[in-house]
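J.: Got a structure for you, questions after.
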Amino acid sequence: MKHVAHFVFGIFGNVSALFLFLSPIITFRRIIKSKSTEDFSGIPYNMTLLNCLLSAWYGMPFVSTNNMLVYTINGTGAFLEGIYVIIFLIYSPRGVKERMAGLLGLVLGFFSVIALVSLLALHGHTRRVFCGCITAIFSICMYASPLSIMRLVVKTKSVEFMPFFLSLFAFLCGTSWFIYGLLALDPFIYVNNGVGCGLGALQLILYAIYKKPREAEEKDSTSRVEMGFSKPIIHQQSTNEEKI
């Protein structure tokens, strides 16, 4: 029964994570259509790419056991995030393009070092602990990224820049993998995803507190910010209009 529940919550985690990985499609359709990255930041896509690569590596059979669902969904996530990064590089201005290319190089270089060290210098339990700790740290950083937007929500008493479905899928994803890790007694999965579950729940609570009926229809403005990564520009635009 425990093994069945473990598999079921792994499937739930895969589905919610897939929706989370697909959520930036709306933003990138906008970028492609306008042929500009506007004020969106490319940093989160590079960092999520790194997190997916590390998580997929940790899930590999020669690092940890019985984690096929971990490396399949994170491998898929790495593929999607790689596409987002390439699109961002194509449509970003020259200065930003150079910085993002440098960051991508750092991401791939860091992952390569971790993979080679764990594969060539470490074995058995030591390899699992090394990869698990690195993965957990970067996973917590990814889940903690919306803190700036949560602060903005409290400050402005508005959820305009915190899309509901992103918060919902972040919560479902964190919760599913938290239970998955608990059932497998794997602290490198349940600790970081427990943090994700708690932060996702806090986002939903803030959404319930500060949501206004009119904001439910403002889909265009909510597409500006994903998981607290993009930069709100509405106030900047209104300031420019006043100057004109």
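Count begins at 1; order follows the chain as displayed.
Cβ from N, Cα, C; glycine included.
Pulled these from TrEMBL:
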TRANSMEM  6-28  transmembrane segment
TRANSMEM  40-58  transmembrane segment
TRANSMEM  70-91  transmembrane segment
TRANSMEM  103-123  transmembrane segment
TRANSMEM  129-149  transmembrane segment
TRANSMEM  161-183  transmembrane segment
TRANSMEM  189-210  transmembrane segment
J.: Is the transmembrane segment (70-91) close to the transmembrane segment (129-149), in the sense of at least 3 CB pairs under 8 angstroms with a sequence gap of 6 or more?
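T.: As far as Cβ distances go (cut-off 8 Å, pairs 6 or more apart), the transmembrane segment (129-149) and the transmembrane segment (70-91) do not touch.
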J.: Would you mind listing the long-range same-chain contacts of the transmembrane segment (70-91), meaning Cβ under 8 Å and 6+ residues beyond its ends?
T.: 10, 13-14, 17-18, 21-22, 24, 28, 31-32, 35-37, 40, 42, 45-46, 48-49, 51-53, 55-60, 64, 97, 100-101, 104, 189
